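> Would you mind keeping the following structure in view while I ask a few things?
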Amino acid sequence: MWPADRPDLKMRVVYATFFLVTSKLILMLVPYAFKWATDALNGELDAPGWIPTLLLAPVMLVVAYNVFKIIQWGLNQLRDALFARVGQHAVRQLAYKTFVHMHALSLRFHLERRTGGLSRIIERGTKGIETIVRFTILNTAPTLIEFALVAVIFAFAYGWEYVLITAVTIYAYAWFTIRASDWRIQIRREMNDSDTDANTKAIDSLLNFETVKYFGNEEMESRRFDASMAGYERAATKVWTSLGWLNFGQGLIFGIGMLIMMWMSARAVQAGTQTIGDFVFINAMLMQLSIPLNFIGFIYREIRQGLTDIEQMFDLLDVDAEVKDKPDAPDLHVRDGTVEFHDVKFAYDRQRPILKGISFKVPAGKSVAIVGPSGAGKSTISRLLYRFYDVQDGAITIDGQDVRDVTQKSLRASIGMVPQDTVLFNDTIRYNIRYGRPTATKEEVEKAAEMAQIGDFIQSLPDGYDSMVGERGLKLSGGEKQRVAIARTILKAPPIQVLDEATSALDTATEQEIQQALDYVSEGRTTLVIAHRLSTVIGCDEIIVLRDGMIAERGTHTRLMSIEDGLYASMWARQSEAIEAERRLREARETDEYGVIVRRRLLGPGEMETVDATDSVSSSTQKEGSARGFSSGS
């Protein structure tokens with residue numbers, strides 16, 4: 001509320017405070033104008049002699065009553081307008097701080113949290129901050145000033161008994177409001193939890209739209225979402241019902257206080273100690289007081305609900321980053337780009353180690369491949385190199401510099417990544433390619449696309465580089481997304497390159513095309529290849545085979561193939577069989593008269609295989625298909 005680096009906002013706070021106090025002082029004149037007008041109409045006005053008679057005329061007093069209200073209303077609007085930028089600046093700063101903190105948290109945190117729930121927490125928290133800022137400054141302070149002025153006026157004009165009744169009424173009103181709001185806040189939490197759960201399910205389902213369609217589970221997803229919304233419906237109904245009881249209790253307390261004070265004033269008028277104008281004045285003052293009293297309940301409810309809404313957001317801000325830069329950590333200076341793993345040990349869970357003392361070196365400008373069965377720890381190596389996690393033992397160095405000793409920003413700026421599953425931003429193709437280097441020119445973006453062999457495809461689109469890729473890039477095929485990922489890596493031009501199973505999700509034909517672009521990206525750069533398909537790593541300078549978190553074999557493709565009963569050789573044989581089976585199956589589809597391949601029942605003992613005369617598949621293809629339970633035919 002008092003930004004140290006913004007003197008213009010400080011002046012806005014000063015002016016807003018001035019208008020706030022002035023408007024409340026003028027507000028106190030409104031009931032007085034009403035009282036004087038009433039007494040003037042009754043002939044009971046006893047005014048000082050120095051006030052001109054014209055100004056004491058009933059019509060002039062009625063005009064004054066309305067003029068005071070207009071001035072007070074105008075000052076309030078000026079106050080709100082001046083403070084608007086101050087409040088929104090505070091909201092923006094805290095929202096920005098939360099967003100930056102989310103990016104500073106570890107990969108582990110984001111993998112364990114649901115995106116839908118996280119976005120909802122931030123959304124509600126930002127709105128909650130705005131609510132607290134607005135009601136604390138623009139309503140709480142004016143209300144307290146008004147209470148103080150009313151107490152002073154009642155004390156000097158009518159006696160301390162009026163002040164006492166007013167104070168008791170305000171205290172009872174505030175006590176009831178706080179107790180009832182505390183009860184309602186528990187219901188509000190239930191509503192927020194149900195809302196978060198429903199939003200999480202909705203986003204999760206929509207992000208997996210294709211999977212839902214594949215399995216025809218629209219009704220199941222709808223039931224899950226409706227179950228969450230049913231919980232929200234129950235909690236929201238309780239919130240509104242409890243609000244009705246709260247408003248009734250507040251009205252009852254204020255009504256009793258007003259009844260007592262009006263009875264006292266009526267008795268005083270009958271006794272001749274007060275005029276009818278005094279009776280009207282007290283009534284007007286109480287009615288005027290009811291507005292900030294209602295605001296007290298509303299303000300407290302809104303602030304408490306705002307605190308509830310930002311509760312989880314503050315919990316997020318309290319989450320400590322797992323990976324941090326050391327104080328005064330220097331930037332990484334890449335000279336040659338040599339990457340070394342020194343006896344690296346790591347586990348996501350202490351009870352289940354992933355890497356058990358891995359040591360290898362990727363010389364400058366060379367390529368090293370990491371292969372092995374699923375779960376051997378291949379992708380973990382790339383995450384450790386990027387320092388998404390810190391090693392538990394050992395060290396990772398680049399040109400002799402421990403990655404834990406340099407800034408994360410400089411480390412990641414020196415490494416390029418082509419992942420297995422490229423997720424694109426829901427923006428244009430140009431934006432997604434330029435993401436590799438946001439300062440790149442239009443010509444540089446287009447050149448990178450040409451190098452990634454996707455330039456012609458982009459030019460063929462109606463909107464060219466300004467074509468939208470859709471949510472997570474779903475408008476593009478797998479091969480097209482990979483080429484976009486390669487293009488932005490080319491644009492980044494890092495000295496170190498990581499290819500994390502970049503072609504494992506593609507078919508063989510597309511893989512061969514993408515591999516040409518990957519070879520171009522890797523040329524002259526230190527390259528770490530993490531692969532599932534062994535055919536993509538034949539040309540690497542060294543291949544490291546992992547098994548159970550340890551290096552089982554290492555060497556060139558030729559050397560590893562020469563190891564009798566070796567793990568690499570057996571993996572190669574299995575993949576070769578699968579590739580050959582895929583080739584034969586493809587040929588069978590192409591030569592089949594009807595273009596249909598059907599799965600055939602496996603033959604039982606003693607059963608003879610019969611081949612239909614119309615079968616167009618060669619006998620060798622039939623044998624291969626029988627071995628795997630497939631056949632061609634009509």
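Including glycine, each Cβ sits where the backbone N, Cα and C put it.
Pulled the feature table from TrEMBL, pasting it below:
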{"type": "COMPBIAS", "residues": "611-621", "note": "compositional bias 'Low complexity'"}
{"type": "DOMAIN", "residues": "16-305", "note": "domain 'ABC transmembrane type-1'"}
{"type": "DOMAIN", "residues": "339-573", "note": "domain 'ABC transporter'"}
{"type": "REGION", "residues": "608-634", "note": "region 'Disordered'"}
{"type": "TRANSMEM", "residues": "12-34", "note": "transmembrane segment"}
{"type": "TRANSMEM", "residues": "49-68", "note": "transmembrane segment"}
{"type": "TRANSMEM", "residues": "132-156", "note": "transmembrane segment"}
{"type": "TRANSMEM", "residues": "162-181", "note": "transmembrane segment"}
{"type": "TRANSMEM", "residues": "243-264", "note": "transmembrane segment"}
{"type": "TRANSMEM", "residues": "276-300", "note": "transmembrane segment"}
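How buried are these features, and what lies next to them?
Confidence in the domain 'ABC transporter' (339-573), given as mean pLDDT, stands at 88.
Proximity of distant same-chain residues to the transmembrane segment (132-156), defined by a Cβ-Cβ separation under 8 Å and at least 6 residues beyond the stretch ends, is recorded for 1, 20-21, 23-25, 27-28, 79-80, 83, 87, 90-91, 162-163, 166-167, 170, 285, 289, 292, 295-296, 298-299, 302-303, 306-307, 310.
Residues of the same chain lying 6 or more positions beyond the ends of the transmembrane segment (162-181) and with a Cβ under 8 Å from any Cβ of it are 147, 150-151, 154-155, 242, 245-246, 249-250, 253-254, 256-258, 260-261, 264, 282, 289, 293, 296-297, 300-301, 304.
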